[in-house]
Amino acid sequence: WQLWLTFAPVADKTAAYFHISMDTINWLSLVYLLISIPFGLVATWILDTMGLKCAVILSAWLNMVGSVIRTFSVIGFLSLGSLTYTYLFIGQCLCALAQPLVIFSPTKLAALWFPDHQRTTANMISSMSNPLGILIANLLSPALVSEKKDIPLMLGLYAVPAVTACVLATVGVHDKVPPTPPSASATLSTSQPFFTGLKMLLRNKPYVILMVCFGAGIGMFTCFSALLEQILCIKGYSDVRPFCILSIICYTGTGNSKQGGLGYCITICVLSHVNQAIPLALISSLFGFFGFSIYPVAMELAVECSYPVGEGTSTGLIFVSSQIQGVILMLLLQALTVQISAAPFSTCDIEEGGALDWTVSTLVMAGACSVVACFYVIFFHTDYKRLHAEASNATSINKIGTEATAPEA
């Protein structure tokens, strides 16, 4: 997510550097959603068929190659001319291919490598890499880019962790599963064939509700993260970092979807007004406390309500849903913007296209948040199938052991 949001916090300066419109810059974020839709299904198949090791190494190489190609667009002696944005876009596409492999992995990692009493914690810790990447991008990009001429420095520095991670993954990841399964469910982690698992998921009512509602939440957050700088600068906010930092610092390991959705709605409504830095900071903190924490809980819930379908498939389908909804919402929000000639509070650095008013767009997103949160709270009910299966398996083992050690009459 760090590479995905490279340009979002400095969208206006990036547009000025490459001499392109803000809509074109938004495609650097939107391409992640579009590519994740078809490749998300491939990523689930890779995770549940070829294993965690293959997925991790492949994603590391895709990220590394993509980040290096992105830097080609700003290297002067290559004299790319009109192809600079083409190289930037190709590199971003390769990084986008890596994203599903990384995002789908936490539940698989927790299920295969940790016993049942540690799974939720392991999933929570590994899932924190997503908000951590968002935090780094929102801190690093504005810190590095004070003017448009700083864009090459930013792209060069973002390539360093990608190359480092690729080396570590290639050298350090040796096994796709531990020698001994840590839990009963780990032995059946890929028990269902891929297409059979997909059919089971689409016929599972609680899972479908979770897929639609939580997928909508991720899609809204994706749009919110990619467009936040553009929404805020027109209202006079020159730096989005404090609000993003507060959201992520307040991230915790437990959460409530209803409060998370409510915090989202309030945040978006406050964005429609100027000179609201303190309310924005407060609501951002509440959103981080309640909103981000839903992420690992929902991932575990997806596995529990869909067992014995593989973890990669149950997690992956939710993210495919989120990317589809995110694409629709991002295009809709951009279409609802209104170009304005006078923006007295604007701090946007835009050379082409003029300033855009996002008031209608933010209100539409607030309404969508309310509907999704209410629908989930009212209609979602499920059993913990994996926990029940493990409890039944433990009971059977204890019964067999008792019968084997019982003295004969």
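Placement of Cβ uses the backbone N, Cα and C atoms for every residue, glycine included.
Automatic, uncurated: that is what TrEMBL annotation is.
Annotated range for transmembrane segment in TrEMBL, selecting from 125-145, 230-250: 125-145. Contact between the transmembrane segment (27-47) and the transmembrane segment (207-228) holds: at least three of their C-beta pairs are under 8 Å, each pair 6 or more apart in sequence.
Using a Cβ-Cβ cut-off under 8 Å and counting only residues 6 or more beyond its ends in the same chain, the transmembrane segment (207-228) has close neighbours at 5, 8-9, 26, 29-30, 32-33, 134, 201, 240, 243-244, 257, 260-261, 264, 268, 291, 294, 298, 301-302, 305-306, 314, 317-330, 333-334, 358, 365, 368-369, 372-373, 375-376, 379-380, 382.
Only pairs six or more apart in sequence are counted, and the transmembrane segment (84-104) with the transmembrane segment (358-379) gives fewer than three Cβ pairs under 8 Å, not enough to call it a contact.
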